[in-house]
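In TrEMBL this protein carries:
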type     : residues : note
COMPBIAS : 568-582  : compositional bias 'Polar residues'
DOMAIN   : 99-151   : domain 'CTLH'
REGION   : 1-23     : region 'Disordered'
REGION   : 566-595  : region 'Disordered'
REPEAT   : 266-307  : repeat 'WD'
REPEAT   : 311-352  : repeat 'WD'
REPEAT   : 523-565  : repeat 'WD'
Amino acid sequence: MGGFEDDEPPSKRARASSVESASLSDIPCYSKPANPLGGTMARPLTSQGKEVMVGSKGLIKRDEFVRILTKSLYTLGYEKTGAVLEEESGITLHSPPVNLFRKQVLDGNWDGALVTLNTLGLLDENNVKSAAFLLLEQKFFELLRTDNVMGALKTLQSEISPLGINRKRVHEMSSCLISFPQNVLVGFSNPGIESSNSRFKLLEELQKVLPPTVMVPERRLENLVEQALTVQREACYLHNSVDGLSLYIDHHCGRDQIPSQAVQVLSAHRDEVWFLQFSNNGKYLASASNDKTAVIWKVDEDGELLLKHTLTGHEKPVMMVAWSPDDCQLLTCGMEEVIRRWDIESGECVHVYEKSGIGLVSCGWFPDGKQILSGLSDQRLCLWDLDGKQADCWEGQRSTKTSDFAVSKDGKLIISTSRDSAILLFNRDTKQERLIEEEETVTSFSLSEDGDFLLVNLINEQIHLWNIRNDPIRVKRYTGHKRSRFVIRSCFGGSEQAFIASGSEDAKVYIWHRASGDVIETLSGHSGAVNCVSWNPANPHMLASASDDHTIRIWGLKKATAKRRDAGSSSNGIHMNGSANGNGLVHQCNGSRSK
């Protein structure tokens with residue numbers, strides 16, 4: 001079994017900050033700060049003050065720790081507190097030369113800053129040159145902003161060019177002189193304010209090239225804390241929390257964070273439910289059934305699903321649905337029949353797509369929402385404009401009536417079934433074709449949110465995970481579910497799509513840990529084969545399953561007080577709506593047709 005690697009960068013939260021004062025001479029210091037417990041502020045014991053290392057394991061250098069704390073206080077705007085910490089600890093954030101250097105930068109004293117730069121004790125000449133280049137670049141553009149073209153030219157020729165670095169940038173600056181002022185003053189309606197703001201940004205850039213022992217990097221404490229939280233999150237085997245990680249306790253998710261309890265049963269369909277899919281924003285669920293209808297469900301603020309529209313008009317069973325990128329429209333595809341496009345708000349059919357003598361077997365949207373893609377019963381893929389005009393068509397080498405395809409977010413990569421045991425990856429720009437070769441027949445597949453992984457269901461009761469970022473590589477295999485006769489669909493889901501869910505012919509839903517391949521939950525409750533599952537992309541605690549038992553089950557977290565809610569049915573068996581106030585409507589399609 002191959003190993004699994006997922007290099008998706010974790011999300012990081014950045015806090016707005018201000019750069020601390022350039023000089024501490026302007027900051028008032030208090031010899032007797034207020035103590036909330038009364039009396040003067042406690043001073044560290046002499047023995048404590050002399051300790052070089054701090055922390056229970058003695059791994060943290062005391063002076064570095066204090067300087068980083070001080071830097072964070074200034075960044076957060078607590079300047080008085082930062083000054084007090086410097087005074088009380090005896091550890092200054094910056095040396096006097098560095099404070100002078102920072103003040104000169106903020107004042108625009110470029111000649112003085114260059115002189116002071118050479119007194120900072122930098123051992124690497126490259127660091128000195130890089131910092132000097134940044135200073136002179138700022139000087140160059142500020143001269144241009146004040147219409148001092150000759151001064152800017154002199155700076156470029158006699159100060160910047162002799163440094164002998166970043167030639168490409170030097171050429172760009174030369175171009176600015178030639179095309180002055182168009183390429184310089186754009187966006188600088190108030191040069192004075194812009195100069196001030198850009199100098200603060202310059203300090204941040206200088207911190208990147210100067211050693212951290214000279215200037216503590218911006219947001220260093222925040223970065224260290226985020227690294228620690230990231231390590232905890234990555235070490236959390238069942239991480240599926242919707243709440244942010246706390247600094248007060250170590251992070252750990254248990255099985256109670258996996259949706260494993262049926263919290264609602266939807267029974268608006270009168271026959272087998274074959275397909276379902278949450279909208280991109282997680283506010284709606286659409287289902288397709290053998291009863292020739294599709295249903296749109298709305299997720300209310302409490303997480304309960306209410307029937308919004310029942311869509312009728314197909315003459316054959318509805319095979320699948322597809323949400324538009326903005327979730328304002330829905331496509332439904334009949335079995336080798338037509339594709340219908342619906343308005344979500346009104347529930348009205350606005351267009352019908354069909355080809356004379358040829359059935360349409362699948363549907364999907366292009367990322368721009370201006371075109372749709374369909375698979376045809378003659379094994380072609382066709383691209384349509386919204387008004388029904390055929391924009392493109394690919395013959396391909398398929399020998400099966402493809403019912404699955406996927407499109408990358410940039411619209412360049414089209415993924416479709418090829419031979420029975422192969423999937424074609426077609427690049428529209430380069431016309432390059434790559435193949436995923438399986439040993440068994442492919443029954444369905446789904447694309448990960450980042451577009452780098454493909455989940456492939458096979459006829460032999462296996463699900464394979466492929467990395468398709470470059471040359472396709474199989475990285476994981478999932479087993480345990482049952483499949484003998486029907487098309488069973490699986491999906492990615494949970495926080496950062498860390499889990500895999502699938503239907504099964506034994507009437508259960510299976511959930512695997514994506515990285516390890518272990519089955520972590522088996523959900524029972526349906527009385528017929530589970531054909532399709534969909535994980536809410538906006539709520540990792542909500543999973544939906546569609547079954548031959550005519551129902552859809554909504555799975556949530558286990559709670560002692562959770563009560564099962566049934567929607568879409570009444571005591572007399574009449575299926576009208578899925579809400580208590582009876583506002584679900586049945587819509588007959590009468591939209592325009594394209595052939």
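Our numbering is plain: 1 for the first residue shown, then up by one each step along the chain.
From the backbone N, Cα and C atoms, a Cβ is placed for every residue, glycine too.
TrEMBL: automatically predicted annotations, no manual curation.
From a predicted model like this one, the values you see are computed outputs, not experimental measurements.
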For the domain 'CTLH' (99-151), the number of residues DSSP places in helix, strand and coil: 41 helix, 0 strand, 12 coil
For the repeat 'WD' (266-307), mean pLDDT (0 to 100): 97
Helix, strand and coil totals (DSSP H, G, I; E, B; other) for the repeat 'WD' (266-307): 0 helix, 22 strand, 20 coil
